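Report on the structure given below.
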Amino acid sequence: MKSALCNRFFILLPWILIVIIMLDVDPRRPAPQLTSRPYFSPHTVGCGGSRVPLRRSSPGRDAAEKRNESRPQLQPEPRLPTIYAITPTYSRPVQKAELTRLANTFRQVAQLHWILVEDRATRSELVSSFLARAGLPNTHLHVPTPRRYKRPWLPRATEQRNAGLAWLRQRHQHQSAQPGVLFFADDDNTYSLELFQEMRTTRKVSVWPVGLVGGRRYERPLVKNGKVVGWYTGWREDRPFAIDMAGFAVSLQVILSNPKAVFKRRGSQPGMQESDFLKQITTVDELEPKANNCTKVLVWHTRTEKVNLANEPKYHMDTVNIEV
């Protein structure tokens, strides 16, 4: 009896399963899409059961994000104050050599603009070609020194320095002045790169020692408690500013705020050009000592030796005209 019931049950079981499956199928539900990619939900469960979008990742992007997370976020660097170097120059056998040495130094200084002023009525081909190849931001000016001022005992380069000052003021006349520093870079000086780092932080007028000047190994401002209190110099200690032209820098804002400050011809005694200029824009108490409280020499008034051209032929010249 039991055997007969079991046989009937097993015969009916497949039909019962078929009926259950047919009842469970909803003909209105679309069939699932077949895909070669593994299926995953585009959301993940967040706090409180909320569904949060799940971002897909790629190996390249994950690696870049890891690098960015480990790298500190750098703030944009403030713009360096521009250093304006005014260089008077005049024609002579060593002119190109002097300018080459100076350009090799300036080329290593960031954010420097070279204002080269020739002592002549027109621009020379030598200086124009030189500046075109110098690889430096530059301005080429020219102004001749009046004949009556070309005396050995009179100050030189007065008109040229004033031309550089006039160009700066005109350039910034109708625009807000960017941070900048001005200094007078004669072409017969030698400069340490450290000097440019020192002068770039000038707030008003900064000063430092100068080597090989005034008949001494160096001249310098005397400093006490961070203030200039006197001058170590070999000539006229009574000068208001007993300093060489290579021994100071001036903020661009000070130059623009004092439009009448220039180098004077009339009423200026020999050797007093620096003092007469600085008196118009500052006082000794306001000077900012640089170069470790004026105890380091970072600029030298080297002066190229006067060349001996006694053997230069007057006749039977070389057939090739070489620029020197």
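All positions are counted from 1 along the displayed chain.
Keep in mind that glycine also has a Cβ here, set from the backbone N, Cα and C atoms.
Counted within 10 Å of its Cβ, the other Cβ atoms near Glu274 (active site, proton acceptor) come to 21, all protein chains included. Under DSSP, Glu274 (active site, proton acceptor) is assigned to a helix (H, G or I) in the three-state scheme. The active site, proton acceptor annotation in Swiss-Prot covers Glu274.
Take the CB of Asp188 (Mn(2+) binding site) and look out to 10 A: across all protein chains shown you find 15 other CB atoms. DSSP gives Asp188 (Mn(2+) binding site) a coil state; it is part of no helix or strand. For Asp188, the entry in Swiss-Prot reads Mn(2+) binding site.
Taken from Swiss-Prot, the feature N-linked glycosylation site covers Asn68 (among others).
The annotation N-linked glycosylation site is assigned in Swiss-Prot to Asn293 (among others). The Cβ of Asn293 (N-linked glycosylation site) has Val223, Gly226 as same-chain neighbours under 8 Å, each 6 or more residues away in sequence.
What Swiss-Prot records for 34-78 is region 'Disordered'.
Among the features that Swiss-Prot reports, transmembrane segment is placed at 3-23.
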Calculate the distance in Å between the alpha carbons (Cα) of Asp188 (Mn(2+) binding site) and Glu274 (active site, proton acceptor), and round it to a whole number. 17
In terms of DSSP three-state secondary structure, what is the assignment for Asn293 (N-linked glycosylation site)? helix
